Every structure is written in C-alpha cells, then in structure tokens.
Amino acid sequence: MKRRTPPDSPLLFDTVPLVPDFKLELKARKAGHWPVAGADEAGRGPLAGPVVAAAVILDPKRIPEGLNDSKQLSAQRREELFVQILATATVSIASSSSTRIDETDIRKASLDAMRRAICSLAIPASYVLTDGLDVPPGLDCPGQAVVKGDARSVSIAAASIVAKVTRDRMMARAHNVFPDYGFAAHAGYGTAQHRAGIEKHGPCSLHRMSFRPLRKGEDGPEMDELIPE
C-alpha cells in the first residue's frame, strides 16, 4: 500500500494555495502579547534603489478585505489596499539605501530596515510576525519568522503591500531624475530594458554596486531625496 503524505507535510504545504488570516496574531494574543505587528520588505532583488520595509499593526475590527501577498495583487489593487491600510492601521516605514546595501549586504540591510520600521511604530508592538526566515536583531519585543508569511498572516500581507507600494513610488520618482534606465517601468529589477540602460549609460548613484553586473557609479542624489511627500 502506498504511504500517504501527512496533511501538514512541507510538500503539500508548498502546493496548496494559502489565504492569509488572523490566526497567528490571535495565537500571540492568547499567549499574552498584544498588539501584534506584521513586518515585511520589498526590493531585495533589484539592481538599483533601496530595500523598503514596513511594519503594520491592524485593528482587528477594521481589517481591509482582500489582503494578500503583494505579489499576488495587481498594481491597482495594491494601491487601493495601501490607502485602506494607512487609514485603518498603525503603520511605519523604513528603508536602506543602495549605499547601505553595498556597505553591508542585502540581508543585513533588509533586516536593519525592518528593525527600524518596527521600532518606529507609534504604538509599540508586543510581538512581531516577520516574513521569511529571520526576526531582526535588536527589537524590544519577541517575534516569530514565518515562511511565506505574507500568504499566512494578514498583518504581514498588509506590510508587504505598504512596502511594495512605497518602493514603487520611490522608483517612479527616481525615474524623473534618472530617465535613462526606465525605473518607473521595472522598479530597478534586472530587466532587459534596465540592463540595456546600464550598458549604454553606465550605473548611476542609485545602483547597487555590489550586485552583478554593475561597476563603479556616479555621484547623484541619495534615495532619501526621492521619497514622495
């Protein structure tokens, strides 16, 4: 007889579509931790621009409908949910520039941005749920790293949307300063258009020089100068 795979096996877990919910937050609350924040980042893979992190504490009575991993949503739907999240939740955003990424590495820069976002929440979190494998060091509260967290926790999903929309807006603003690379179209990812721009014009000050295939860049404005008001 063929052996059946347990229902909680990693194989089935990876193949069954997940819908984020509030169960992890309620579990933390039952353990005495409240409020609970979700945290996520956007922009680990691009060749240019910052990595942006967001931390979100949702109001259980005002959770926007349709929260999901930002990558599963259209740009229009992300924008709609972004507005709703800002109107109903406690939100904090932080970023690490391309310079910071080059000085350390993308993992450390991402975790540092996430730490600063969490620590800057107007309402201090009692517990944090983070997407991925790591909880940022240096927090004032305990936390839990959740693999595929943006597909499991609505708080992490909300943070993923805030981080993604914020970063996309920053890169659209960057396009106005550096129009030769098409940042508004690809947000700094290594598309054919972007690589062609680098080949023709060389890198600018927003490029991550520690990422292949980049070389020494030019002077120019830092990403903080491009954050939309």
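Using the three backbone atoms N, Cα and C, a Cβ is placed for every residue, glycine included.
The divalent metal cation binding site annotation in Swiss-Prot covers Asp40, Glu41, Asp131, and the record cites sequence analysis as its basis. Sequence-distant contacts (6 or more apart, same chain, Cβ under 8 Å) of Asp131 (divalent metal cation binding site) comprise Gly38, Ala39, Asp40, Glu41, Ala145, Val146, Lys148, Gly149, Asp150, Ile156, Ala159, Ser160.
Residues or ranges marked as compositional bias 'Acidic residues' in Swiss-Prot: 220-229.
Among the features that Swiss-Prot reports, domain 'RNase H type-2' is placed at 34-223.
Feature annotation from Swiss-Prot assigns region 'Disordered' to 209-229.
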With every protein chain in view, how many other Cβ atoms are within 10 Å of the Cβ of Asp40 (divalent metal cation binding site)?
32
Residues sitting within 8 A of the centre of the Asp40, Glu41, Asp131 CB atoms (divalent metal cation site), not counting those, run Ala39, Ala42, Ala53, Ala54, Met114, Thr130, Gly132, Gly149, Asp150, Ile156, Ala159, Ser160, Ala163
What mean pLDDT does the predicted model reach across the domain 'RNase H type-2' (34-223)?
95
